[in-house]
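Notes for the one structure printed next.
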Amino acid sequence: MTSVSTSRTAMPIDEFAPSAPARQKAAARPLRWLWLAVAAAVLVYLPFVLHDRAILGYRLSNIQLLNVGLAQLNLTLIAVLGAVSLNYLTGCAGLVSIGHAAFFAVGAMAAAATGAQLGLPFLVSLVAALIAGAAAGVLAGLPSLRVRGLYFVLSTMALHFIVVFAFSEYQYAAFDVFGISYPQPAIGPFALDSALKWYFFLLPIVVLCCLACNYSLKHREGRALLAVRDNEQAASSSGIDVRVLRLKAFAFSSAIASLAGALQAYYLTTVSTELYSLNLAISFIAMIIIGGMGSIAGGVVGALVWLLLPSVLTGFAGELGAAGGGLAKIFVEHRPQVVNLIFGSLVAVLLIFAPGGIVGAARKLTKLVRPGAEA
Amino acid sequence: MLVQFLLTGLALGSIYGLVALGFAVIYKAERVFNFAQGILMVCGAYLAYTATTQLGLPFPVAVIVIIAAAALLGIVIQFLFIRPLSGQPLLPVIMITIALSIILKALIEILYGVQPKPLATSLPTGVLILGDVRLSQLNLTAAVVSWVCMGVFFAFFRFTKAGLLMRATADSHEAAILSGVNVNRINAGAWAIGTILAVIGGVFLGQIQLASTELEHIGLLALPAVVIGGLQSIPGAIVGGILVGVIEQLASGYISPKARDVFIYIPLLIMLLVRPWGLFGNRELGRV
Amino acid sequence: MMALNGTPAADTPLLEVRTLSVAYGRKAVALNAVNLTVPKAGVVALLGANGAGKTTLIRTVSGLIRLHNGAITGGEVLLEGKSIAGLSADRIVRLGMGQVPEGRLVFKNLTVEENLQVGGAILPRATLAERLDAVYDLFPRLAERKDQAAGLMSGGEQQMLALGRALAASPRVLLIDELSLGLAPLIVGAIYQQLKKIREHFGTALLIVEQNARLALGICDYAYVLERGEIVLAGPAELVAASERMHESYLGARAERQAAAG
C-alpha cells in the first residue's frame, strides 16, 4: 500500500521538474559557445543576404527569402524591444500592461522635443527618451502599489488614453496634423541613412537590452520580484521592499519601450498620433502570448512572428494567387484583415492549447525528445 | 446648451448603460472581463445591416432575427473561447477576449469591407424641438428601448427560474454545481444575454452614426462605465453608462471631441485609485 | 480490511463504491481499492482523521475529482446499479445524489426561499412547492427566515439551509461532508438530531463524512473507517464503536488511559 502522506509530497509538477544535473550542464558549455558563435554569424550576415537578395553569391527569389526585406527586419528589431520589455514586466512582476504603446508615444514625444524642436543630437534625444520613459514608468507603476490584477490592467488602459491625448495635443500644438517629422539621425559624422546602417545600429541595442532584461530576471532583484509575484506575503515578510522593486521593474521596462518608441519615430521619420492606438498596445500583448509569457526568448520569438508572418503570408498568397485560388483572392483583397484573423486565431489557439506560447511548446518538445536536457 | 448636452448625454448614456449591463452580466456569471464587448456591439450594427438592407426583412422580423443571431453568437463564443479556459487565472481569460475581438473585427471587415455602411431601419429619424432643445427622435427611441430592455432584464432575473439559476451561479459556482445546476449552460446563457444587450446597443449606435468597426471604440467605453459604477453591481453598470454618456457629451460639447477619452479615463483612473470597487460596488467583493 | 459482523442490506444497494482507487497527478495514490455501500434508507458514516482520504472519496463520488486534478485509476462508483464515475457533478446531483458540501456553501446573496428553489430546480414546478413545504416542516426555522438573505444568517442556520437545499431536490441519497466543522457543539448536536428526522421524514439514505467519530456513530447504522486511503475497519455502528482500534485512535480511549496512568 502506498502511503498517502509521503506520496503527496512527491507529487510531480511539470514546471518545477528538477533541472539537469550540473555535470551535464558543464558538458554542454562548449556546445553553447558554438551555438552563440553561429547565431552571431547569422545575425551579422543576414542583413547582407536580405540587402543583396543573395546568399554566398546564389541569387534568391522573394519566396526563398520569405518575402522579407531589410526594412521589415529593422522594424522587427524595434518591436522586439517593445515585446521583450513588456515580457520583462510580465515575467518579473506578474503584471500585464495595456499601456505599452503609451511608452512608445512617450519616447517619440521626448525625441521630438529634444531632437526635432531643440535640435539636439540623435544620441542625446535617445537618452532623453530613456529618462522620460523611466519617469513615465514610475508614474504608471504607482497604481500597482494600490490595485491588483484586473484593476491594474484597467489603470494601464486609462493611462494609454491619457498619454495618447497628450501626444495629439502636443502634435497639434507644436507640429501639424500630418504628424511629427524627425531630423536625419546621425552619430557624430555617421548618418543612419540606409536600412543596412540602421540594422547594425539597432542590433547591438536590442541584444544589450535583451541581455539586461535577462540578467535582471535571473539575478537578485528579478528573483525577489518573482518571489513577490508568487507569494506576496512571504516576500514582504522576508524583508524585501516589494514596492520599490516593482517600481524599478516598471521604470526599467518602460525606459526600454520608450527608447524603442524614439527609435521607431526616427526610423519612420514621421509619426502621428494614430500610430499609438490601443491596437498597438494589444499587438505587444499578442506578441508575448505567441512567443511565450514571462521569458525574454518569448518576447523575441513573438515579435519575430508578429512582424514577419504577414509578409511571409503575402509571399505565399502571391504564388497561390497565380493558381487562382479563391482564398488567395480574399487574401489579396483583405490582406491586413486576413493577417489579423490569423493572428487572433493563433493567440486564441495558443492560449487554449499551449499557454506557454511557442517557446513554452518548444521547451516541452525538447524535454520529450531529450529527457533531462536543459530547458 | 447645457440642457441639450445633458439630454443627449442621457440618451446616448442609456445605450452605453445597456452595453455595460451586458458586460456586467458576463462578468458576474463567470468573472470574464470581456474586452470583446465593444466589437460585439459592432456586430449588432452589421447584423442590422444584413437583416434590413441585405435581406430586406420587414423591421419586426429583422429585430427577431438580430436577437436570435446575437444569442447564438454569444453561445458559440462561450463554447469555443471561454469554456476551454474556465478555471484559468485572470490574464489568459482577458487575453482570449482580446483575441476574440481581433478575430471578430477581421471577420467583419472581410465580410462587409472596411467602408462604413449606412443603416436604414424603420426607426424614426426626425428631430423633436422643445424650446431651445433639439432632440433627435432616434436618440429618444434608443433611450426608451434601452430602458425597456433593462426592465425586461430585471424582470427576467427576478421572476424566472433561469434568472434565479443565473443569480445563484453568479453567487457561488460550486454551490450551483452541487445543487445540480448545469453551470456551463448557465454561462452560455449569460453570454447570450450579454451579447444580445451589446447588439441592441449596436443597432442604435450604427443607426445614429454608421455601421463600422470604428464603433468598437465607443463600445469599449462600457469598460470604464462598468468599473466606475462598480464591477459587481448591476445598477452600477447602468449608472456608469449614463455617466459616461453625459461626460462624453459635455466634454465634446464644451472642449473638443478628442477630449472625450481623457475625461472618461481620468475619472476611471481616479476611481481605481480611490475606490476600486466603484460607486455601487461592495468593498469586500471589490478586491479582484 | 478488518470486517466486523454483518453486511448492509442484500438487495441492490443505493450507492456502491467498488474497489475504487484514485490518484492525484501521476503518482500520488489517495485511495486504494476502497469498498463502501450505502443501502436504501440507510445511514452510513465514513470516519477518519484529516488526510485519510475522506475528502477524496466524497469528491470522487460527487464527480468533483477532476476539478481537483485527480483521476479514478480503478474500480467503480454505482448509483442504484448504474455507473456514475466520470459524470459531471451537476449530472450526478440530478440523478438523485444530494450534496451538503463542507463549509456551509449557500448562495449568500439569495434569500432562504430562493436558495431552496435553486436546490429544487430539478423538480417539476408542481411538486416543488410541496417539497419546499416539507422542508420547511422539517426546519421551521428556515420558514421563519424565508425572505432573509442567506449570507446574513448564523453559521448553524446556514448549515441547516445547506441541508434543506440539498433535500429540496428529493435526493435518494445525501452526501454530507464534515457537518460539524467550525460549529459550536450545541448547534452540531441540534443539527444531528435533524439528520435523524430526515430519514424518518423522507426515507433518504445518508452518507455522513465526519471527523468527529462519536457524533457520527451516534446516528449511523453502519460505519467505515478510512486510514491513509484504505478502509481499515467496517461494520455496524455499535461494533465499530466498541472496537479496540476505534477506541485507540478516535474515541479518545488512549487519552483516558493516559490520564488514568498519569
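Here, residue 1 is simply the first one shown, and the rest follow in order.
Backbone N, Cα and C atoms are what each Cβ position is placed from, and that goes for glycine too.
Nobody curates TrEMBL annotations by hand; they come from automatic prediction.
Within its own chain, the transmembrane segment (B:6-27) is flanked in space by residues 33-34, 37, 40-41, 133, 135-136, 139-140, 142-143, 146-147, 149-150, 153, 190-191, 193-198, 200-202, 204-205, 208, 218-219, 221-223, 225-226, 229, 231, 233-234, 236-250, which lie at least six positions past its ends and keep a Cβ under 8 Å from the stretch. Residues annotated as transmembrane segment in TrEMBL: B:6-27 (among others).
Summarising the annotation, TrEMBL assigns transmembrane segment to B:32-49 (among others).
Sequence-distant contacts of the transmembrane segment (B:61-81) (same chain, six or more residues past either end, CB-CB distance under 8 Å): 36, 40, 43-44, 47-48, 51-52, 55, 96-97, 99-100, 121, 187-188, 190-196, 198-200, 203. Taken from TrEMBL, the feature transmembrane segment applies to B:61-81 (among others).
Annotation source TrEMBL lists transmembrane segment at B:93-115 (among others).
Taken from TrEMBL, the feature transmembrane segment applies to B:135-157 (among others).
Annotated transmembrane segment per TrEMBL: B:188-208 (among others), in sequence order. Packing against the transmembrane segment (B:188-208) from elsewhere in the chain are residues 12, 15-16, 18-19, 21-23, 25-26, 28-30, 34, 37, 40-49, 66-67, 69-75, 77-79, 82, 119, 121, 123, 136, 138-139, 141-142, 145-146, 149, 153, 162, 166, 215, 218-219, 222: each is 6 or more residues past its ends and has a CB under 8 Å from a CB in it.
Annotation source TrEMBL lists transmembrane segment at B:220-250 (among others).
Here TrEMBL flags B:262-280 (among others) as transmembrane segment. Cβ atoms under 8 Å from those of the transmembrane segment (B:262-280) belong to residues 221, 224, 226-233, 235-236, 239-240, 244, 247-248, 250-251, 255, 286-287 of the same chain, restricted to positions at least 6 beyond its ends.
Per-stretch counts of Cβ pairs under 8 Å to the transmembrane segment (B:220-250) identify B:32-49 as the leading one among B:32-49, B:93-115, B:135-157. Listed by sequence, the residues of this chain that lie at least six past the ends of the transmembrane segment (B:135-157) yet keep a Cβ under 8 A from its Cβ atoms are 7-8, 10-12, 14-15, 17-18, 21, 123-129, 163-164, 166-167, 193, 197, 200-201, 204, 207-208, 238.
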